[in-house]
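Student: Sequence annotations record features per position, and here TrEMBL assigns Mg(2+) binding site to B:462, B:468, B:471, B:472. Per TrEMBL, domain 'TRNA-binding' is recorded for B:40-155. Residues or ranges marked as domain 'B5' by TrEMBL: B:409-484. For B:710-803, the entry in TrEMBL reads domain 'FDX-ACB'.
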């Protein structure tokens with residue numbers, strides 16, 4: 001009997017090791033360990049054994065059972081692992097295939113520039129002021145020291161709607177309106193972005209509609225050096241830390257003194273290249289100290305208050321910064337153009 | 001203004017300052033030098049030659065065989081194609097080895113069998129602009145005066161060994177429209193003296209007053225008129241140096257008399273006009289406003305119809321010049337002119353500008369009058385011109401001038417405190433320094449207890465207030481020398497308004513959802529302006545549009561977005577989503593500004609999703625775009641106030657359009673564009689929306705408040721309802737919500753069936769209803785009770801039958 005049990009163990013373990021899948025393994029389990037299996041058969045003969053032999057044989061039978069059971073379990077684990085492996089191997093994908101596209105749009109480049117400038121000035125304590133695109137002649141011109149007979153406001157250059165209303169030619173009327181609302185009390189610190197209109201035929205460098213962004217600070221003791229410092233911060237933020245600015249005297253009816261501001265060329269660093277037309281400098285904006293007439297007309301005492309203002313064409317900034325060659329691209333909205341501005345800097 | 005460096009040297013010592021350095025200094029102190037041109041750049045080897053012989057080329061009709069003395073041992077043979085070349089001329093010869101503009105090298109050549117050792121040049125070939133070449137040489141080679149020495153450098157003889165600075169003048173700096181004005185500016189910059197030209201001429205015993213009488217009717221337009229008479233002039237070419245200076249300044253030489261008037265215009269900035277005295281038709285000058293309908297033929301041979309806005313010089317009867325703009329053909333100085341009436345006048349800008357504009361006629365004179373000339377140079381310019389006419393036209397200057405003078409000129413006196421100068425500029429200058437700057441400008445100054453009192457010369461009419469003086473100090477001190485500071489004073493909080501903030505969110509949201517931001521024009525044509533307007537109103541029209549396509553302001557953004565889709569579709573990008581935020585304009589009556597409303601519009605066409613290698617292609621449909629808007633409303637916290645109602649709209653698909661309501665007010669619409677519109681724009685199925693951005697951003701939204709996460713389980717019940725096909729899901733949802741009471745927290749559609757298993761005209765809509773109470777676990781009975789109410793309500797109010 002003892003031998004028979006040993007034989008069964010060897011035989012079962014042999015079959016276990018040869019089994020190829022879980023079903024075969026289960027069959028082995030049932031056939032050897034089941035109620036009708038050979039071990040049970042063998043144990044039925046226990047009655048013939050002596051009282052001393054019985055426990056010994058019982059123990060041996062259990063030993064054999066355990067050996068077979070653990071053999072099966074071990075094999076089962078092995079087979080299961082193999083099955084998993086096989087399944088995973090079959091599930092292999094080509095990870096180099098393209099992913100499901102998440103289609104996103106993006107900011108128009110003009111908005112991108114405007115928001116960058118807005119954020120810079122908000123950080124310096126400015127608020128963003130907006131105003132109507134159809135303006136009164138008064139705010140667009142008169143309040144800005146451009147009286148009715150001034151050559152700079154020729155009918156030819158503006159889109160008039162009636163004699164007294166027109167499409168604004170600059171965002172400066174927002175400054176006039178804001179100052180007026182302040183009721184002669186400073187400080188005023190605003191940045192004004194918006195669309196403006198000029199009577200131009202559209203070509204690579206002209207557009208009858210374009211964007212401007214202007215800034216205005218009015219307070220007690222606002223100095224020209226403050227203008228210079230502020231514009232330096234601006235130029236460095238927009239065009240790079242290494243940039244310098246240069247102020248050249250100029251003329252605008254609403255500022256006195258007036259200056260045009262150049263930034264050192266961000267392409268060649270000032271050595272001279274195509275972008276800066278070999279001068280090392282690129283003109284980016286006009287500015288100056290607010291003309292006393294403008295202050296007075298908007299209700300500020302020009303003896304007590306002073307201020308500075310600056311303004312620039314957003315398209316020009318974008319064209320310079322991104323190397324865009326034709327202003328019309330901004331208004332054609334070719335998706336191949338717009339897609340250039342996906343990257344977040 | 002073009003400024004000859006060599007000419008400028010006559011008035012200011014420029015030693016040690018190269019033209020380029022001068023340009024840099026001028027630019028930095030206020031006048032932008034836009035370019036420095038070297039007149040003889042890239043030219044060498046051109047000499048004065050003498051044509052000894054000329055004969056017809058034996059083998060070519062149009063060529064001449066010339067023997068030319070070029071100052072070498074032997075004369076050389078040159079083949080020349082110019083029709084005007086002839087024996088006895090002094091000409092410019094590009095010798096063998098010479099280089100002409102464009103790196104054109106002259107070599108020995110054989111032309112139709114005859115040797116040619118160089119080229120006889122026209123001025124154009126020597127780098128002159130065609131429009132600046134005197135008419136007699138415009139079509140051929142140039143002839144030097146006979147006394148020019150053979151063999152000399154031809155360009156030096158032409159005074160082309162010079163450089164020209166191009167000044168870009170702002171309107172306030174009209175003073176620099178003259179060489180003297182530039183001289184004062186440069187002298188101030190360099191801290192050097194100005195040398196004024198010396199006038200003075202011997203006059204004849206005859207008096208000008210015996211020859212001419214001057215009357216000015218329009219005293220306001222013409223406060224000073226000075227006439228001089230010069231007799232017995234000999235018309236001929238002006239000296240080469242004068243021609244060269246005119247050419248450098250961009251004025252074509254004519255003859256000595258005309259050239260002298262132009263020369264003085266450049267030197268003094270004072271326009272002059274020379275009349276042929278014998279062609280005046282009277283002995284009288286009368287300055288008056290033109291009569292309506294009166295006519296004049298100007299020097300350019302154009303007949304011009306005048307109005308009372310224009311100022312004319314007349315001979316007492318008829319116009320002989322359009323004042324300050326151009327002379328008349330009837331009194332023009334010609335080759336046979338012997339006696340000249342010279343006009344030097346102070347005209348006010350207004351009528352000159354008007355005439356110049358009305359006739360599209362801008363002259364060197366009108367440009368100066370429009371911006372204002374120096375009243376104190378009127379007489380000096382006339383004297384200097386008379387002197388030159390005596391010198392270079394052999395004229396006999398009659399004694400005295402005849403004047404009509406109602407002008408009173410007082411130089412402006414402007415004062416400013418040193419404290420203010422330093423306060424505005426942010427500088428720390430002392431009085432002596434400031435005084436010195438003004439003396440460099442040759443402004444007279446006096447000081448009084450910290451105040452500087454400046455007498456501004458009349459040539460600087462742009463300086464009238466203290467800020468103008470501050471600017472003079474600032475620019476001469478140099479803005480480069482200013483420190484950089486930031487404004488000091490009370491802190492101001494920088495921020496966006498809630499509206500601006502939300503608008504940025506809207507942009508980011510839509511871009512994240514796949515839409516590109518577009519920017520388009522506010523001006524459009526009548527049809528596009530109104531086609532998709534939310535509110536039917538007359539569009540705002542321009543008074544004088546440049547074209548029909550940009551004649552009115554838009555009432556809707558959609559047509560421009562469709563235009564973008566069309567443009568891109570035509571360029572193989574037929575799946576695209578764009579949006580724009582921007583103003584639309586609602587007319588408010590002609591006196592008032594139109595109401596500007598900010599709108600949000602979008603347009604989506606083609607495939608919405610495609611993952612091609614997985615075989616997936618999903619075209620855009622109504623619900624894609626609606627979903628985008630619903631997501632936006634969620635972000636704005638207005639979802640519960642928004643309602644989509646089936647509606648019809650011009651240009652839209654009649655069955656696929658919804659009007660969008662916010663708290664019961666229409667704020668926009670969404671839907672498919674009408675197939676005829678899609679065809680017109682060559683688009684695939686396209687969906688659009690337009691909303692009043694203002695309405696949705698300014699909607700009342702309760703402040704953000706946390707709602708606790710439910711601690712108790714919810715109970716879900718699904719129902720499928722069979723209803724008439726026309727019954728809107730939204731209506732059923734409202735009925736369910738209303739009937740479900742407070743326990744019903746969520747309702748959503750999860751199935752729609754309209755297939756063949758339904759009875760004719762019916763559909764099945766399935767809703768999932770979620771009940772819960774945040775305070776406790778619901779009992780079955782409570783849910784049943786609420787749910788039964790829902791079932792009753794849909795039966796009763798919508799005729800719905802529960803599907804088995």
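Yeah, the Cβs are placed from backbone N, Cα and C, and that goes for glycine too.
Quick one: how deep are these features, and who are their neighbours?
Tutor: DSSP assigns residue B:471 (Mg(2+) binding site) to a helical segment in the three-state reduction. With a cut-off of 8 Å between CB atoms and residues at least 6 apart in sequence, the same chain places nothing near residue B:471 (Mg(2+) binding site).
Taking DSSP states H, G and I as helix and E and B as strand, the domain 'TRNA-binding' (B:40-155) has 11 helix, 48 strand, 57 coil.
Confidence for the domain 'B5' (B:409-484), expressed as mean pLDDT, is 94.
In terms of DSSP secondary structure, the domain 'FDX-ACB' (B:710-803) contains 34 helix, 34 strand, 26 coil.
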Student: What is the total of other Cβ atoms whose distance to the Cβ of residue B:462 (Mg(2+) binding site) is within 10 Å?
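Tutor: Excluding its own Cβ, residue B:462 (Mg(2+) binding site) sees 18 Cβ atoms within 10 Å.
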Student: Looking at the binding-site residues B:468, B:472, which sits with the largest number of other Cβ atoms within 10 Å of its Cβ?
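Tutor: Selected residue: B:472.
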Student: How many helix, strand and coil residues does the domain 'B5' (B:409-484) contain under DSSP?
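Tutor: Secondary-structure composition of the domain 'B5' (B:409-484): 33 helix, 17 strand, 26 coil.
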